[in-house]
Each structure stands twice: as structure tokens, then as C-alpha cells.
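Participant: Once you've had a glance at the structure underneath, I'll fire off some questions.
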Amino acid sequence: MLAEQGRPQAVDPRNGSTATDFILVGFEQSSPSTQALLFALFLALYSLAMAMNGLIIFITWTDPRLSSPMYFFLGHLSFLDVCFITTTIPQMLVHLLVKNHTVSFASCMTQMYLVFCVGVAECILLAFMAYDRYVAICHPLSYALIMSQQVCVRLVGTAWSFGLINGIFLEYISFRNPFCKGNHIENFFCEAPIVIALACGDPLLSMKAIFADAIVVLLSPMVLIVISYGRILSSILGRASSSGRGKTFSTCASHLTVVILLYTSAMFSYMNPRSTHGPDKDKPFSLLYTIVTPMCNPIIYSFRNKEMKGAMVRALGRAGLAHAESV
């Protein structure tokens, strides 16, 4: 069944009519005091994530001392985090304040596409960042030649292009059937496996397509990450000094922590059978990769870096001096 102008509709099983909206259940069953507490908590986390990622974007794109490929990739990672967290959290904050939790099909489709696009691009970018560390540690003399500016731009463009194209495929898979099993989404945003479960007929084919796609966009980059860090480990154990090993392990550990946070939550959401899922299990993992990971990335990957700390101090110092002069 298709709505006017080709937009899919959901069939309301209660009266046989077509519904043009989804209802995000999210935290609807929580008490008003709990919702107020959650609003304050998530608003603080969202503000913190936006501020930290925004600062990293600013200093990596403006500070000439941070001109290496590692910081180029890091700036784009923070930009993806800003896009990702803004796609889901502001809507959740609004729904914690108002009683109307409905979203239109167009809004739900747009949100799902952006989540697909940015999430896939981030997975691929993390793999390229692992490759960058491999070249820097294992081939230091050829690093500038291998990871030239043109190569870095192409790698970032590849991550974005794959995310944009893959998002179209996943969007089609999710909305190719009409919806006749209700329109209540047991989460705080339109997440693909939950939406697919509301479609008419057997959702098994669509879920298999989502699973196969997850293998490509999650496991393939993971293979590149494992190979890169396997060679890094072999190289530094064979020739580096104790102090050099510690510095290298620190850089690698930060990146691996980011990878583990994102991949664990994404794999649970998109590579597990839906029979093992439920609202109490889905929401914590959804919160992990939609708000916790974007907030933690600047801390665990950037703030432990001395060059990044110095750039932040310089940026904040310039901001403070400009404010004092204006006063």
C-alpha cells in the first residue's frame, strides 16, 4: 500500500484505517520526575559532546601545528559525531518535555537515513584511521608520501560516499513494505530493526539484508583494523624501546577504545536476532552509540594527546584574550 505521492503508510490494526505517523514510545512510561531527570542528564551530555567535538573540529582545522593526517581524520571523526548525535538526541529531549511523541513518516525516514549514512561513514573512517597509524608506525620514512593530503581527502570522501550510497540501500530495505503491525516504536528514535518489525508480512528477508549489510560495513572495516594493529604490535614489540612502546600503545589504545564502543553497540543492534531484543535491551545500546560514544571520543582519543592539549590551551587562551579585549 502506498500513500499519496508515493509515501508509505502504516495500517492501524485497531480500526483498519491508515496511520501517517509513528509513535516513539521511548521513555513514555517513565514517571514525570524520572523524565525530568533524564532530560537534564541527556541535555548535559549532549551539550558536553557538542562543545568538545566542536572544539576539536575548530583546532584541527585551524591550528597549523595539527596538520598531520591523524588530526585531519580526527577532525572529520568529530564532525561525524556532531552530525550523529544531532540526528537523534534533540528529538528525544523534546519528547521528554512534551506528551506528543509522534513523528511523521518523512521525519522517520530522514532520521533513519542520516543514522545509516553517518554511522557507516564513521565505521569506515575508523578503519582508515587504523591504517594511518599502521603507516605512521611501520613505515615512518614513507609516511608523508603514502598519506599525502590528496590520499587523505580521497579516504574521507570514500567514507562519506559509501555512507551516502549505503544509506539509500538500507532505507529502501526498511520502507519497501507497508506497515500493518502498529506504529509504536519501542525506542527514542527510528531504529531500523524495530521499524522493520512493524512491516506487513515476514520481516525475515529485510532483516537478512540488514544483517548482510552489517557484515560488509562493520566486519570488513574491523578486519582492516585488526590487520593494521596486528602489524603495529608485531613491529613495536620487535624494535621499539620501552618508552617508545608506551607512547605507541597509548595512541593505539585510545583508538581501539573508540572502535570497541562503537562496534559493540552497533553489532548488537544490527547483527543480533530480533528474538533476543527487547525495549530494555535495545535502549541502553542505542544510547551507547548515539550519545555516549560521540561524547567519549574526544576524551579517550584526543585529550590524552599532548599536542591536542596544547592546541586546546592555545585556542582557549586566544578566546579568553579576545573576550578580555572586548570588555
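Each Cβ is built from the backbone N, Cα and C atoms, and glycine gets one as well.
What TrEMBL lists as domain 'G-protein coupled receptors family 1 profile' is 52-301. Feature annotation from TrEMBL assigns transmembrane segment to 36-59, 71-93, 113-131, 151-169, 209-227, 248-266, 286-304.
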Participant: Pairs of Cβ atoms less than 8 Å apart decide it: which stretch in 36-59, 71-93, 113-131, 151-169 has the most with the transmembrane segment (209-227)?
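Facilitator: By the under-8 Å Cβ criterion, the transmembrane segment (209-227) pairs most with 113-131.
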Participant: Out of 36-59, 113-131, 151-169, what stretch is closest in contact terms to the transmembrane segment (71-93), meaning most Cβ pairs under 8 angstroms?
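Facilitator: Per the Cβ count, the answer is 36-59.
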Participant: Give me the mean pLDDT over the domain 'G-protein coupled receptors family 1 profile' (52-301), rounded to a whole number.
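Facilitator: Mean pLDDT for the domain 'G-protein coupled receptors family 1 profile' (52-301): 82.
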